[in-house]
Structures are given as structure tokens and as C-alpha cells.
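Novice: Below is the structure I would like to discuss, written out as C-alpha cells.
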Amino acid sequence: MSGQMDHANLFDDARSRLEEVFDAIGVQGDARERLRQPSLSLQVSVPVRMDDGSLRVFPGWRVQYNNILGPAKGGIRFHPEVSQEEVTTLSFWMAVKCAVVDLPYGGGKGGVKVDPKQLSKLELERLARGYVRAIADIMGPDRDIPAPDVNTNATVMGWMADEFDHLARGKVPAAITGKPPALGGSLGRVAATGRGALHVLDLWAARERRKPEETTVAIQGFGNAAYHFARLAHERGYRIVAVSDSKGAIYSREGLDPDPIMEQKTHNQRLHDMVYCDDSVCIADDVEKLERDELLTLEVDVLALAALENQIHEDNVDQVKARAVLEIANGPVTSQADERLEKRGVPVLPDVLANTGGVIVSYYEWVQNRNGERWAEENVNARLAERLERQSQLIFERAEREEISYRKAAYRQGIERIAEAIQLRGNCQDSE
Ligand code: GLU
């Protein structure tokens, strides 16, 4: 079998990291059992009337991994490869990451198996609304709060929030985060995942006494998180030598400026009022073109993975020449590949810390919505920086003290918080 897993093994692979953590921090029987499987998994069929009058039915899921620290929280993904296994795994990672950065949330995730780029804008809107109708019974500000993920953005969240308001016969802005600011979305949410990843990189670089100007970065991906990370990292002085998307990669030794690349890539989108941008980074002028996966093997200081899960696996991990890895996507390195990197002494700044900027600002959006407030963007960004600094330092220090990887330190930190809450809730939790 190739080292690149299909989704069938994804959850087992993700869950395998738990056992080591349970032993290391002494998690007892009840909590172990509770944490090994999701608490609720809903499969739905979403019928969509197509523009030509025909009906298509798309399979979808919403999984709540747990609601121990608070309501389930996590995005909704529209992608042709979505499966129940994938959504379950992603909900597990949400549960861990919310605990790692001390948010009062459990983990959740949703997905629809669809190629959204094949749909017209109206078909996409019907799909978004249909999905909310299908899962509305398990949603709500105190139960489960969806947000954007791969191929879903503020526009899609706006439609979903509107549909939920219709069903609730009132305004419930805190039921969904990542909305457009005009509908109660938080300022700073769109750039938050990229901004958060940059903070984590900066904090690590400062500990290593590494200057941004002396640091080269290759970025796999050029979606929302990757683009904002690239833009802000470039502003900060890091040298972005390569970026890629599903169609290919581009390279420049001197460094790329992400803004003109995005300009060129989205030029046609503005002309056609599309929700997605179909052009590739490869249309950029005056840069060297690479095969898409060549980017993963470049000799750089930091390889930032901002596309999908399972990108570095058993078969390609030995070709990775980067001196450090930054996980902006969820689960981009398999556990076997992770062990190999650890043995080689290549530090990995793990997803459950490095990509939490998005969910942290989602939490701020939820707080603003519940209190009827609107915070200035600087206020949102300052709170994000402060939380990430506090939680990252705890993890860096723990990793040093216990002589373990950053990922293990982050998992121990997060699982400890969840396990403590399970214990404190007492012995009769079987009715939840
Ligand atoms: N989809 C994002 C993630 O994987 C954000 C989730 C949220 O804001 O709830 O972290």
C-alpha cells in the first residue's frame, strides 16, 4: 500500500496519537473511553434543485466529537473527497485544538461530498441552505456552531446564517461564525488562520533566535489561510520562495510577493462574479514553474503546509529537506511521517496549535454576537496575539521540560484539560 492513506485509515491514524498521551499524563478509564470516539454523528442527504430543473442529492455529515468543554465547534467542508471518516477525524482535531488554546468548546466538523466548483452560484446557495435545514436540529449557540472550512467562505456562511434565522424565526447570529461582517461576522476573521500561524512561527523563530529576513519559506496551498499567511509573512520580512495550488507550483529564489500573484489569480473571478477562483498561481509572470509536489522537497527553512490532510506521508517524508514544518492545514503530516521527522530532529509546529487562529477569532465572533458587541479589528487581532502567545509558550516550555515534540506537548496540554473536565463532571455521564 502506498504511504498516502485513504480516508479509511485516517481516524485510526489520528486516534493512535491518543494512547501515548493517555499513558504519559495518566488519563483514567472513563475519560479514555469517552475520548476514543465521537459523541454524535449525523449523516444527511441534501437535495438540490439544479438550474436545469433536475434534482441532485449530495451526501453530507455533521460530527460532534464531544461537548465536554462547551458546545461543539468547527467548520463545514465542501469537497468531492469528503467522507464520514474524514469528517470524524477533523472533528477530533477540532476537539483537541479548542482545548489546546483553552476555548470553551468541544470539537465538531461538517462536510458535503460535492465538487462545489461545478455548481452555479444559485445551486451553491441552495446546497448551503439545504445542508443547514438537514442539520439544524443539532445546531445552536449552546450546542454546535459551524464555521467555514475548505471551499466554504463568508459568503456561504452568510447564506447558512440566514437559513438558520428563518428556521429559528428570529436572529441567532451566534449559531454560525465566519459570517460576513455586515451579518455580524467579526472583523479580522478572514485573515485569522493565516495571522495566527504567523504568530506561532514568529514565537518559535524568536526562541530559536532566527530572524525573519534570514528565513526562507515554501507554502503548499494558496487558499484563504495560505494566502493571508503568505501576505503577512512577506510583510514581516520572511522570504516566501514558493507557493502552490492543486494545479502546480511557482518558485523564486529572491522571494515572491503574494499580493500581485493573488491579483492575477483572481482577475477573472471579479469579471465573472464567481464564488471560487478558478485560475492557478501558475499564471503568475516572471517566476519559475515547478511540478506541484516538487515544492514539498525544496531546501528551505520552513515548509508551511496549508492545503489538505495526508500530504507528508511514509513515501515522501524522506525527501523533505525543510529545516522545520509549519502545519496550517489540519493533519497534513501522517503520524508515521511525523515520527520520522521527530527522529531526524525536524521540528513540526503542529496543526492543533498553528492553525487555531481561525477558531480563536470564531470564538471572539460568538462572544461579540452573544453580547451584541462589535469589536474593532485591532482589538480582535491584539486578543488573538495575546492568547496565542500565552498558549504557545506553555507548549514550547512543556516540550522542552518533558523532552518531547511540540505536537506531543500540545496534545498533552489539550487532553489534560478535557480529561480534567470529564473527571469533574462526576460518574453518571451516560445520559448525555
Ligand atoms: N475550519 C477552521 C478550522 O479547522 C475553523 C473552525 C471554526 O472557526 O470554528 O479550524
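Glycine too: its Cβ is placed from the backbone N, Cα and C atoms.
Just so you know, TrEMBL annotations are computer predictions that nobody has curated.
For reference, TrEMBL lists these features for the protein:
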- Lys109: active site, proton donor (ACT_SITE)
- Lys73, Lys97, Ser362: substrate binding site (BINDING)
- Thr193, Asn224: NAD(+) binding site (BINDING)
- Asp149: site 'Important for catalysis' (SITE)
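On this model, are these features tucked inside or out on the surface, and what's nearby?
Specialist: Using a 10 Å radius centred on the Cβ of Lys109 (active site, proton donor) and all shown protein chains, the other Cβ atoms total 31.
Contacts of Ser362 (substrate binding site) defined by a Cβ separation under 8 A and a same-chain sequence distance of 6+ are given as Lys73, Ile145, Ala147, Thr177, Gly178, Ser186, Arg189, Ala192, in order along the sequence.
Shown in sequence order, Asn224, Ala225, His228, Phe229, Ile328, Asn355, Gly357, Gly358 are the residues of the chain, 6+ apart in sequence, with a C-beta less than 8 angstroms from the C-beta of Thr193 (NAD(+) binding site).
The local packing around Asp149 (site 'Important for catalysis'), expressed as other Cβ atoms within 10 Å of its Cβ over all shown chains, amounts to 25.
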Novice: Please go through the recorded positions Lys109, Asp149, Asn224 one by one and keep those whose C-beta falls under 6 A from any atom of ligand 1; give the result in sequence order.
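Specialist: Only Asp149 meet the Cβ criterion.
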Novice: Can you tell me the CA-to-CA distance separating Lys109 (active site, proton donor) and Lys97 (substrate binding site), as a whole number of Å?
Specialist: 13
Novice: These are the binding-site residues: Lys73, Lys97. Which one scores highest on other Cβ atoms within 10 Å?
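Specialist: It comes out as Lys73.
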Novice: For Asn224 (NAD(+) binding site), list the number of other Cβ atoms lying within 10 Å of its Cβ atom.
Specialist: 22
